[in-house]
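First up is the structure itself, then whatever we jot down about it.
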């Protein structure tokens with residue numbers, strides 16, 4: 001049996017161009033973890049109250065804003081990783097994924113601790129440095145996880161990816177539930193949020209090491225890898241600002257908001273936007289590989305996926321308008337209910353972010369890192385700008401959630417159309 005097909009354990013499989021089939025295990029794991037996330041979003045405010053939930057939500061938002069930014073590492077490693085085709089496929093002049101992962105994790109840890117004096121009192125006014133340590137530890141651990149999952153995506157290793165996604169999300173739910181049975185302390189809850197990053201690496205690296213070590217290569221050297229990663233991190237951070245980090249941005253833009261109103265708005269936005277956004281974000285690296293390996297049907301796949309997201313978004317918005325307030329009343333008895341119109345608008349905004357989550361990997365798959373970054377950055381800048389407009393809390397939130405992703409989507413589509421026009425003369429000559 002050749003090196004390319006040898007099996008080494010329950011987490012391993014043959015490497016091959018099975019991109020189409022890979023969506024199923026990734027989607028199944030994402031769906032399970034999405035349900036776990038919903039349970040967390042239901043469980044924490046139900047036990048600690050909507051007002052106290054806002055403190056947990058800010059730590060959660062900051063943690064996953066940082067993780068979203070660092071997911072740019074995963075996306076670039078996914079794009080750059082290839083199975084080693086022969087023993088002569090040397091590493092000379094190419095970056096080594098393991099060394100890059102460890103070095104970057106240390107840098108992330110040091111940067112967060114080093115910059116914390118500048119922001120800790122603003123972001124964590126009540127708990128301070130006690131929340132910085134789980135944030136820094138979680139971010140450094142996520143860096144290792146990002147390189148591991150990027151390597152698995154690049155080699156289309158769907159079975160190990162299924163377990164990575166599943167273990168991280170389900171373990172987080174289990175830890176948070178366990179902590180809530182003992183205490184409502186924000187610091188303990190913060191460690192429960194951060195710990196699964198490191199735990200997943202500790203569990204999955206021994207199970208996947210043999211299929212990656214010596215069997216994969218990166219298509220760039222360290223200098224180009226760092227430059228590419230820098231751009232994807234900027235883009236992914238902007239993406240995180242639109243999604244995971246939005247409650248944090250909202251709290252900074254409206255620091256004196258009523259805790260009850262703020263908590264309700266954050267809770268509503270988190271719950272109703274999740275179905276499309278969680279799936280879109282989880283599939284970023286998968287879509288990069290899909291578009292990279294399916295250049296002959298690139299536009300067909302792109303239009304099909306965009307149409308699917310917009311249709312599903314419209315249907316979910318109608319359901320949210322019709323049933324949303326009643327569902328909130330059932331899940332959170334005794335708490336205020338958001339209006340059906342607000343819920344429908346929030347769902348509609350999530351469809352725009354979902355569409356952006358498709359154009360982004362499409363642009364990146366064609367190695368157009370600048371356009372990839374520009375789309376997300378423009379979306380984030382417009383979002384932040386809208387949050388600073390002196391409007392009522394609900395109005396500025398809706399404006400930011402709609403205008404930001406819409407402008408980013410326009411940037412990506414413009415870049416893809418420009419690239420298509422450039423390719424047409426080349427293909428005609430060929």
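Placement of Cβ uses the backbone N, Cα and C atoms for every residue, glycine included.
For reference, TrEMBL has these:
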type: TRANSMEM; residues: 21-41; note: transmembrane segment
type: TRANSMEM; residues: 53-73; note: transmembrane segment
type: TRANSMEM; residues: 100-120; note: transmembrane segment
type: TRANSMEM; residues: 132-154; note: transmembrane segment
type: TRANSMEM; residues: 161-182; note: transmembrane segment
type: TRANSMEM; residues: 188-208; note: transmembrane segment
type: TRANSMEM; residues: 229-250; note: transmembrane segment
type: TRANSMEM; residues: 262-289; note: transmembrane segment
type: TRANSMEM; residues: 301-323; note: transmembrane segment
type: TRANSMEM; residues: 343-364; note: transmembrane segment
type: TRANSMEM; residues: 371-391; note: transmembrane segment
type: TRANSMEM; residues: 397-419; note: transmembrane segment
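If you look at the transmembrane segment (21-41) against the transmembrane segment (262-289), you find at least three C-beta pairs under 8 angstroms, all six or more positions apart, and that counts as contact. Just going by CB pairs under 8 A, the stretch in 100-120, 132-154, 188-208, 397-419 that sits most against the transmembrane segment (229-250) is 397-419. Simply put, out of 132-154, 161-182, 188-208, 343-364, 343-364 has the most Cβ pairs sitting under 8 Å from the transmembrane segment (262-289).
Below 8 angstroms of C-beta separation, residues 9-12, 44, 56, 59-60, 63, 67, 130-131, 134-135, 137-138, 141-142, 144-145, 148, 152, 157, 160, 163-164, 167-169, 171-172, 175-176, 178-180, 182 of the same chain, each at least six residues beyond the ends of the transmembrane segment (188-208), sit close to that stretch.
Taking every recorded stretch in 132-154, 343-364, 397-419 and counting its Cβ pairs under 8 Å to the transmembrane segment (100-120), the highest total belongs to 132-154. Within the same chain, residues 75, 79, 232, 235, 239, 242-243, 268-269, 272-277, 279-281, 283-285, 287-288, 290-291, 298, 302, 305-306, 309-310, 312-314, 316-318, 320-321, 324-325, 371-372, 375-376, 379, 398, 401-402, 405-406, 408-409, 412-413, 415-416 sit at least 6 positions outside the transmembrane segment (343-364) and bring their C-beta atoms closer than 8 Å to a C-beta of that stretch.
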